[in-house]
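A quick write-up on the structure given underneath.
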Amino acid sequence: MFGGFETIEAFEDDLYRDDSSSELSVDSEVEFQLYSQVHYSQNIHNANEEEGYEEKNCESSETVSIQPDQKNLIVLSDSEVIQLSDTSEVITLSDEDSIYRCKRKNIEVQAQEKTQSPATPRSNKVANKCKRSNKKPEPEESPSTIREVMIIEVSSDEEEESTISENENVESWMLLGCEEDDKDNDILLNLVGCKDAGAEGENDVNWFISDKDIEAKIDNNRSSGRWNNRYYSVNKNVTCRNCDKRGHLSKNCPLPQKVRPCCLCSERGHLQYGCPARYCLDCSLPMSSTHRCFERSSWRKRCDRCDMIGHYADACPEIWRQYHLTTKPGPPKKPKTPSGQSALVYCYNCAQKGHYGHECTERRMFNQAFPTSPFIYCYDDKYDIQQRDRRIKRKLKDIKKNGDFPRQFKRPHGEETDRYHHDRRKSRFSGKRSRWPRESKETQKEKTRGREGEKHRRDRQPRDEDEDFPRGLKPNSSSSSNSQKPSKSLHQASHYHRLREEKLRRESMRSKPKKRKFVEDGSHDDLFLIKQRKKKPKSSGF
């Protein structure tokens, strides 16, 4: 009758592959399908009505209702009637606060709106009694035939009370598709996309954040920078370059930022492009206001040593590169065996394999400098080093002659202060050694020269007055004495007069004897005779 099975329970166990008895537990396959995909939903406004309705249905007996127009029906004792068609199988189990739906292929739910109190799977405590009745299907199935009717009855009152107590602990935030409740104050969650019950037809979504999240300053917005207090800790071994204190970086320093120094002269207040000590890229000299570069442009220079464009042989980088093995002063040390090129060759300009950066034909990333060869073509001897030093000295003389020698710039403020303190220390030590420090020889000579010059001026003042304003004829003794005085003063003249005499000697030989005779004659004559000599050529001219 039951296909080789003695009872209907054995037939159902073999049909649903359940080893345990159907009276003791729910079919495992059905339970797995129900709990595999669970969706929560709730109708808050009908929650109280469902509780009272469920209590009445729990006390009532099992009911099975089959409509003639339906194809397949499964009736649950504590729930509404569920319609199943041949193409779809749907089982709906609902709790007092939520509805659990399991979706499979060709599954549709058609629940009656009148009875919304469902039977409940109580989280692995479903039922103590399960009654199943199976009717044998007819050979020719019609739309009105019934395949299965499964009735689940919960008869224990203690389990109902336990399930009701469990449902009381369920809050609205645990369920999707619900509104914000005043009771949901015990959790910190950012609920997103919760819809209002009144705006179900609309597409508007109410976005809200819990008050506790706002108080705790928890947000999902990514900050623009790092936290301000991230590096302010005692255990951090970070030193600030702005205030020289440990525990934070310069970007998080509370003190104002220092002015950036220039990379050329290390002074603050200007940058590289406004530096007065900028150098010319062609001649490598400081670019002053009167600087005129007579060198060729860098793209017209070609080195005779490495055959690269941009410099001459005396400024080739191979000069300092050849000292890679030298550890003692003297000529560079040569390697015993020449080093071969490596097999893996990459370009620093285009990042391709097979060539070096100075051989690359692609566009340069940095156009202000020309590429140089990384290899060493020759090592210098003592003779080569001496010849290069001579050329450098000769070039330095030419620069000094043209006036293009770089002037000395002011020292930075830090070095001046250090020098000032150092001088003060020296003066203290010198005061202890000798109370009256000795002056240098140069300062002593300058002082003696100044004193002698003052004496000569005093001696010359009366002589000049007598010559300019003579007081009649004087005896020969007085004239001889006066003539001797200027001779002494001429021999003891200052250094300025000596230079002037040297300039006069460099003049033509014809002008020199006339001036000398005129000076010798004028030294012995009076002012009256001198004036007569000046008037004679005027009279002769007429």
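Placement of Cβ uses the backbone N, Cα and C atoms for every residue, glycine included.
The compositional bias 'Polar residues' annotation in Swiss-Prot covers 112-126.
Feature annotation from Swiss-Prot assigns compositional bias 'Basic and acidic residues' to 412-421 (among others).
Here Swiss-Prot flags 422-435 (among others) as compositional bias 'Basic residues'.
Marked as compositional bias 'Basic and acidic residues' by Swiss-Prot: 436-456 (among others).
Look at Swiss-Prot and you will find 474-489 tagged as compositional bias 'Low complexity'.
Taken from Swiss-Prot, the feature compositional bias 'Basic and acidic residues' applies to 499-510 (among others).
For 518-528 (among others), the entry in Swiss-Prot reads compositional bias 'Basic and acidic residues'.
Annotation source Swiss-Prot lists compositional bias 'Basic residues' at 531-542 (among others).
Per Swiss-Prot, the feature SUMO2 cross-link maps to LYS129 (among others).
The annotation SUMO2 cross-link is assigned in Swiss-Prot to LYS136 (among others) on the grounds of similarity to another entry.
Per Swiss-Prot, the feature SUMO2 cross-link maps to LYS236 (among others).
Here the Cβ of LYS251 (SUMO2 cross-link) has 13 other Cβ atoms within 10 Å, regardless of which shown protein chain they belong to. A helical conformation is recorded for LYS251 (SUMO2 cross-link) in the three-state DSSP classification. What Swiss-Prot records for LYS251 (among others) is SUMO2 cross-link, and it gives similarity to another entry as the kind of evidence.
The annotation SUMO2 cross-link is assigned in Swiss-Prot to LYS336 (among others). DSSP assigns LYS336 (SUMO2 cross-link) to coil in the three-state reduction, outside any helix or strand.
Annotation source Swiss-Prot lists SUMO2 cross-link at LYS410 (among others), citing similarity to another entry.
Annotated SUMO2 cross-link per Swiss-Prot: LYS432 (among others), in sequence order.
Positions annotated as SUMO2 cross-link by Swiss-Prot: LYS474 (among others).
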Discussion item. Return the count of C-beta atoms lying within 10 angstroms of the C-beta of LYS531 (SUMO2 cross-link), excluding that atom itself.
Written reply: 9
Worksheet entry | Cβ-Cβ neighbours of LYS336 (SUMO2 cross-link) (radius 10 Å) | 6
Item to complete: Provide the three-state secondary structure of LYS531 (SUMO2 cross-link) computed with DSSP.
Response: helix
Fill in: Sequence-remote partners of the zinc finger (345-362) [C-beta within less than 8 Å, at least six residues beyond its ends]
308, 371-374
Discussion item. Tell me the Cα distance separating LYS251 (SUMO2 cross-link) from LYS336 (SUMO2 cross-link), rounded to the nearest angstrom.
Written reply: 52
